[in-house]
């Protein structure tokens, strides 16, 4: 299987860096959004090859309608520089614009040469790319709620290499990963995409796929933008580090992908396959509901469970990667093994723990069995997501005629003895900061809203104590302790 042509703009433009840096000082500047920043990184390092810039209108329309660039190459997701009208008004074809790193708003990471600007039909984009014009889809919500109304197309030149400061040892570019595979004679590599922690089922699935195809495993998780509510990438990477030790020595490698996901189901799966081909993989695992965003506004799945497999198989030979389709893995307790559900005989006893149930067990501190996940993985998840009784909380006490109520709550909680409690006597910007830091550290905090700074709002995640006009201090205190106990904080 031939290697995909890699457009590594970082390598191409390295000799021009000093000249481009000097030019950028006099150019108009745009601070990228988080998603644009992820897109630029993968354009510059070749992860989005054959792209070498943001799509012009011709490419955009062809991708939306036909899953191809205007030159014919398969590419299923529009990669566009969306701007608001005030940003785009002054731009015209031929202009040069410096694109800035959003983390500091100063570092020039690329220069864009404007080719065109155009107003997209967002409703059509939503229907064609994401399958529905439904704000319950996170990418559709982004499209209408956050993305600018003008798209600017044009080619990029790399200026300052993008630096990351976490898990640097796993941040390989496509060229670096290809070189590593070649150096270690990894001629067959099966890539595994994930935005979630990995458990035993994922390990069994990837090992099985590698054995079937005589390949090594590339664990290639997304650490850019994922689905809102996903577990943070810091926790996930620690999990991947731990589970990597459970693979046969020399059979698996971890590399992080700075991708901004769109959760576009079948189209996204095809996009992921192209990206993995660019990173040097020969095979790509596509499982059940690949890159699905969950339920639509009618409570139904946006995509069928295996739609992604069907679509990618149609293009696999053309893009040059072998698809490894897998159904969900399930545990057979009587045999102590995992099998794909389609390989399980009718009537066989099986066990599984859903993501919802896992989150519940973490929340209440319930047992997570070893058949489901490795102890070291569970320990990492519990550290990042402790049960309610180990989490901090903040009680905001409204002004009342009895100014002793905040002190009474502190005394009652301290008497209970299960939590460390701090009283902050006034709401202002400084006390909000202290309360949030104490909460993060697992402490209980009581904040009096008497004499509150009117310019400071009570954070939404705080619990405001409900006080009825005739309630006594003891009645309020009892009600608060009962509520905290019912919610699992005590």
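Keep in mind that glycine also has a Cβ here, set from the backbone N, Cα and C atoms.
Between 348, 356, the residue that has phosphothreonine written against it in Swiss-Prot is 356.
Swiss-Prot annotates 193, 195 as sulfate-binding residues; of 93, 98, 291, the candidate listed for that same site is 291. Shown for the region 'Required for oligomerization' (391-490): DSSP residue counts in helix, strand and coil, namely 38 helix, 16 strand, 46 coil. Closest to residue 291 (sulfate binding site) in space, going by CA atoms and restricting to the recorded positions 194, 196, 199, 202, is 194. Take the mean position of the Cβ atoms of 193, 195, 291, the recorded sulfate site; other residues of that chain with a Cβ within 8 Å of it are 194, 222, 226, 261, 268, 272, 290. Across the structure, residue 196 (active site) and residue 356 (phosphothreonine) are spaced 13 Å apart at their Cα atoms. The Cβ of residue 193 (sulfate binding site) has 220, 221, 222, 272, 276, 284, 285, 290, 291 as same-chain neighbours under 8 Å, each 6 or more residues away in sequence.
Reduced to three states, the DSSP call for residue 195 (sulfate binding site) is coil.
Between the C-alpha atoms of residue 356 (phosphothreonine) and residue 194 (active site), the distance comes to 17 Å.
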